[in-house]
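Chemist: Here Swiss-Prot flags 10-120 as domain 'MTTase N-terminal', drawing on sequence analysis. The [4Fe-4S] cluster 1 binding site annotation in Swiss-Prot covers C19, C55, C84. According to Swiss-Prot, the domain 'Radical SAM core' annotation covers 139-378, on the basis of sequence analysis. Annotated [4Fe-4S] cluster 2 binding site per Swiss-Prot: C153, C157, C160, in sequence order, evidence recorded as sequence analysis. What Swiss-Prot lists as domain 'TRAM' is 380-445, and the listing cites sequence analysis.
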Amino acid sequence: MSTPSAPANPKVGFVSLGCPKALVDSERILTQLRMEGYDVVSTYQDADVVVVNTCGFIDSAKAESLEVIGEAIKENGKVIVTGCMGVEEGNIRDVHPSVLAVTGPQQYEQVVNAVHEVVPPKQDHNPLIDLVPPQGIKLTPRHYAYLKISEGCNHSCSFCIIPSMRGKLVSRPVGDVLDEAQRLVKSGVKELLVISQDTSAYGVDVKYRTGFWNGAPVKTRMTELCEALSTLGVWVRLHYVYPYPHVDELIPLMAAGKILPYLDIPFQHASPKVLKAMKRPAFEDKTLARIKNWREICPELIIRSTFIVGFPGETEEDFQYLLNWLTEAQLDRVGCFQYSPVEGAPANDLDLEVVPDEVKQDRWERFMAHQQEISSARLQQRIGKEIEVLIDEVDENGAVGRCFFDAPEIDGNVFIDGAGDLKPGDKVWCRVTDADEYDLWAETL
C-alpha cells in the first residue's frame, strides 16, 4: 500500500521595492514566514499569496508601487500590501480595492498574520526541520549584507515624510546589532553596510546607554558600535550619515583601517537659503572646512552624497552656489534628484516660488555634467594604483567587483579582465588600468 504524500508547504511570492531599509524589513518578514514552513517562490503563478513591500517616499516611487500591486493582482489575485506606502491605505484601495490587507512599515506581525488568514501554515509544521540559517533569509548576495541599526528619524526636513511613516528614532540594542553582525560574518558575509534613516543618531533616543556584547560593555553610540564592528575582520561601510559634530570621531577609525574610509552623507544642497528652507542644519555648518579636515586626517576618504535641485524658492544664484560648492568639495560619488512634492511634506506649504519642471530638468542636467567632470578627474588619479576588490559577479568576460569607494547598487564597479579562479565573495588585489566618470578597469596582481 502506498504512503500518502505529505501536503505541500504553503507558498508565498514577495516583491520588495524601495531602499535598503525596506529590503531589511522584507528579509525579516520572509525569515519569519520561512520558519513557519512557508516556501518562498519566484513567480506570481506559483504563489498562494503575494506580499508587496512598497515605497512611498516620492510620487514616482508611489506610482511604481501601485503598478507592481496591479501586476500582482492581475497575475495572482491574492495580494497583501505593506511598507511605507501602506500608511496611505485609502489611496491604495482607491486604485486597487481588491487587495486583501494593507499594513505600514515595520508591522511585521500584521503582515505575517495577514498571510496566515489567506493561507494558514501547516498544522503539523516542525520549525526545527527547516533549514533557516542563523542569519535569517537574506535578499542580497551571500558576501554582503545590510545591517539596520535603528528605525525612524527625529529630524523634520521639510521635503521628507519619513518621521510620519516610520516614526521617531528607535535604536536597536547594541548587543543585538553586534550579535547579528557576528552571525552574518560567520555565514560568509565579507561586507557589512550599516544603514538606518539616520545612522549617526544611533543611541540618541536611549541616551547612549551601555549595553553588552560578548560579556563586555559597549555604548549604544555610533563610534563605539564602529569600534566593535571593526573587530569582525570584514569591510564596514557607513550609509545615511547625518553631519553631526561627532561624525568627526569616525574619521580616525577610517584612517586606522578599522572601517572603510567611506562616508555617505546626504548634504541635499549647499545654498544657506535653500538649506534653511529644507530645515537642514548644515546651513550653520562650515561643511567645506570639515571636509578638508577629514581628508587631512584620512587622505583616502571617499565621500558620497545626494542633492536635490529645483526645491521651492531655489534661484539661479542658489544653483550656481551649489555648483561652485561642488567644485570646492570635490566629492567622489554623487546622486542628484529633481525636487518632487511629496504628499504630507511641510515643503508643500512653503510660501516660496515653485521651480518650473523645465528649469528643474535643465539644472539637473547641468549638475550631473558638472559632477561627472569632478568624479572622472578623481577616478583618473587612481590609474596605476593598487586596490583591493570584492568580487560581485564572474562571467566568461571576466569579473565585476567593487573597491572601498563603491557601495553596491548605487556606486561604480571595477571591471577585471579575465576572471581566472575568482568567484563572488573573493577579495583580490588589482592594479587600476583605466577609469571613466563612474567605473574603474583593473588587472589582478
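Just so you know, glycine gets a Cβ as well, placed from its N, Cα and C.
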Chemist: Can you break down the domain 'TRAM' (380-445) into helix, strand and coil residue counts using DSSP?
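Modeler: Residue counts in helix, strand and coil order: 1 helix, 33 strand, 32 coil.
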Chemist: Reported in the order helix, strand, coil, what are the DSSP residue counts of the domain 'MTTase N-terminal' (10-120)?
Modeler: 56 helix, 22 strand, 33 coil
Chemist: Measuring Cα to Cα, how many Å separate C19 ([4Fe-4S] cluster 1 binding site) from C160 ([4Fe-4S] cluster 2 binding site)?
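Modeler: Spelling it out, the Cα of C19 ([4Fe-4S] cluster 1 binding site) and the Cα of C160 ([4Fe-4S] cluster 2 binding site) are 15 Å apart.
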Chemist: Ranked by the number of other Cβ atoms within 10 Å of their own Cβ, which of the binding-site residues C19, C153 ranks first?
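Modeler: The residue with the most neighbouring Cβ atoms within 10 Å is C153.
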Chemist: By a 10 A CB contact count over all chains shown, which of the binding-site residues listed here is most packed: C55, C84, C157, C160?
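Modeler: It comes out as C84.
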Chemist: What's the CA to CA span in angstrom from C157 ([4Fe-4S] cluster 2 binding site) over to C55 ([4Fe-4S] cluster 1 binding site)?
Modeler: 18
Chemist: About how far apart, in whole Å, are the alpha carbons (Cα) of C55 ([4Fe-4S] cluster 1 binding site) and C160 ([4Fe-4S] cluster 2 binding site)?
Modeler: 13
Chemist: Just to verify a number: CA distance, C160 ([4Fe-4S] cluster 2 binding site) to C84 ([4Fe-4S] cluster 1 binding site), in angstrom, no decimals.
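Modeler: It is 12 Å, counting Cα to Cα.
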